[in-house]
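Copied over from TrEMBL, here are the features:
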- 125-287: domain 'Pyrrolo-quinoline quinone repeat' (DOMAIN)
- 41-84: region 'Disordered' (REGION)
- 520-541: transmembrane segment (TRANSMEM)
- 553-572: transmembrane segment (TRANSMEM)
- 578-598: transmembrane segment (TRANSMEM)
- 610-629: transmembrane segment (TRANSMEM)
- 641-658: transmembrane segment (TRANSMEM)
- 670-693: transmembrane segment (TRANSMEM)
Amino acid sequence: MPVPLRRRKRLLPLPTLRSLWRLALVAWCVLLTLADSEEACGDAPGRPDPSAASQPFLPPGVEDPGWPHLRGPRGDGHSPEIRLASEWPASGPPVLWVKELGQGYSSFVAQGDRVYTQFQNLGGQYVVCLAARTGEVVWQYRYDWPFEAAGLYPGPRATPTLAGGKIYFAAPSGLVGCLNDQGKLLWSRDLLQEFDGRGTGFGYACSPAVIDGKVVMPVGGPEASMVALDAEDGALVWKSGDDTASYTPAMVISLAGKRQIIGYLEHALCAFDLQTGKLLWRRKLSQGYDEHSAWPVYSEPYLWFSGPFQAGSQLLKLRPEQEPDLVWQGPILSNDVASSVLVDGALYGFDLHEAQSKAHRPSRGAFRCVDLLTGELRWSNGEPRVRRSSDPADSAAQQVVGHASLIVADGKLVLLNDLGELILARASPEKYEELARATALGGEICWTTPALHGGCLFLKNHSRAVCVYVGEPGLLELDAASTLSVAQIPQGRARDWSALLGVEPEYAMDPPTWRWLGRWLAAGLAILLAAGLVIGGLALLLGQRCTPGQYRAAFCGLSFLGGVLVGAPLSLAVEDFVFTWPVSLYVAFHAVVQQLRLPGQEPPTRRQRWRERLVVTGFLLVCAAYFFACRRLSLVTEWTFLSGFIAALPCCFAVRWLSQASVRNWRTAIAEGLLTMAGFLAFYAAGVALLLLKYDVVAT
């Protein structure tokens, strides 16, 4: 017979008060251990884990600073990490993860087992937190609608900043905000609206500078050139200066033991006292339109800065309570969107040999090493006068660096060029010594800066993010089977759209001159006249073997091709920019009008209806292709000539009426040709008139 359960219980000793206390204590310790282990495993979203620090990549006794800022832990592009691999496999370094993200120029920041960046898609702009080792989304915070989603520079420009367990971010609209480590908004302010900010017409791009409990931002408003906010609640601490801002963030330096804020503004370089905002000194740089995006380089007491438009660079020697002294100034090392770094007294950076960096093709210039104190060129990589190929294989074969953002770690330069190539080179002032190269983000022009954390590089372009392991192979904790190679990342190829133009304007979105407008008009009329003469000659030869409609279709087709194809060789011949695409726009519209049904006409046949639909669809596609190509090529005419069709309607309808005449002879043919050219004149004049409403057109 089974023993009753209650009798089994009697075999156990009855618990005493003391044993119950011990049991409760053990249970409490177990719960604490489990809670700690859960946090260490990253189950608490958004909380950086101190135990996740990659100690093998740091010198003994050095705490892991992460990569909390666009320019690293010290704001100078340097990382304290060591034990980076000196070479990569033929297939490239291991890839831990690849994640599709949206548009934007934001780079990554990292702390513990989390990385952060900004991006946009059709739903809006976001700050996103990812798991560093897997790329999984921990949280994301939507802060605005998309910015110029179909524009020349779409998406956010600034990179978040990590400080005190919080995430600070800035939007292209001028919105600045603070999130906690769970992605919850703590505060936000619209700086451009509140302080009437100026100088950032292409979108606010300044990453927040967080120091001593302050968030310091260039704004460019009246009496608010530089603004400091309280990091806890966003309250105004101080504002100072009257200069318009630009795209370079505030830079924190220390001179004689006192911290200052350097503002690299649109027309001036300024220094402000960190605590009070007092303007310490101001150095005027330019007037009219100017812009600065590259970071200055500081090595106490020397401040080096550079600019676009082939302005070269300058070195200043700072003095407490006094104006700085100019040490040297020269045309060497013009930086735009890619900043230089300093290693052991040598500057490394891309010397841009164009007015500004190109968003539609590789920028022309040379990667160089320059002595900081003398401005002497130590070595140069690449031919600055030659336009670079858009094929990474060509750059790799010649070991050309190109237009590249870079950081420094373990005595090495880590570069990401505008073709998406990841390059490892030795930081040597003696010569350029390339150690390894792999294409990580091919297919798009890439302007972001690498972020290094735990032996991994976090990279991003306009469509995806990649985590690449660059430490010594023996330190990689993951299984080889769980990683990819760079060769396995889907890669595209950046196209050089400027080949469509032959000669392109020097400046992005540069308004045409009157000389240009005159040449464009003459070229357009010449194309129409030449097409008319060719088709007229064919009509004399063929006579009535072709219908008038077929001759008109041939004229439209020949004129359209002339507008598309003649501009590039003509530009090369005259060594100036000649824009003939408006001819193709006008001819496509002209063809649509010729297909319109006039009152009193017989109902169209099925074939005629399909032809009408095809012509209208083709016209819409031509307009879309024109706008997209102009936007990719930074042409200000992207929208102006799309507004000229209404002005051409009377002449186009007159041509249509003449084409229906019962009697046709050489007089009606000449009248049609003259009216067609008059319609183009009206179309062109309307486009130019709208251009004049927005821009100041100069003579040359």
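Every residue gets a Cβ built from N, Cα and C, even glycine.
All annotation found in TrEMBL is predicted automatically rather than curated by experts.
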The answer for the transmembrane segment (578-598), taking Cβ pairs under 8 Å and residues 6+ beyond its ends, is 501-503, 512, 516, 519-520, 523-524, 527-528, 552-553, 556, 559-560, 562-564, 566-567, 570-571, 604, 611-612, 615-616, 618-619, 622-623, 626, 629-630, 635, 637, 641-642, 644-645, 648-649, 652-653, 655-657, 659-660, 676, 679-680, 683-684, 687
Same-chain residues at least 6 beyond the ends of the transmembrane segment (553-572) with a Cβ under 8 Å from one of its Cβ atoms are 499-503, 523-524, 527-528, 530-532, 534-535, 538, 546, 578-588, 590-591, 594
Averaged over the domain 'Pyrrolo-quinoline quinone repeat' (125-287), the pLDDT of the predicted model comes to 97
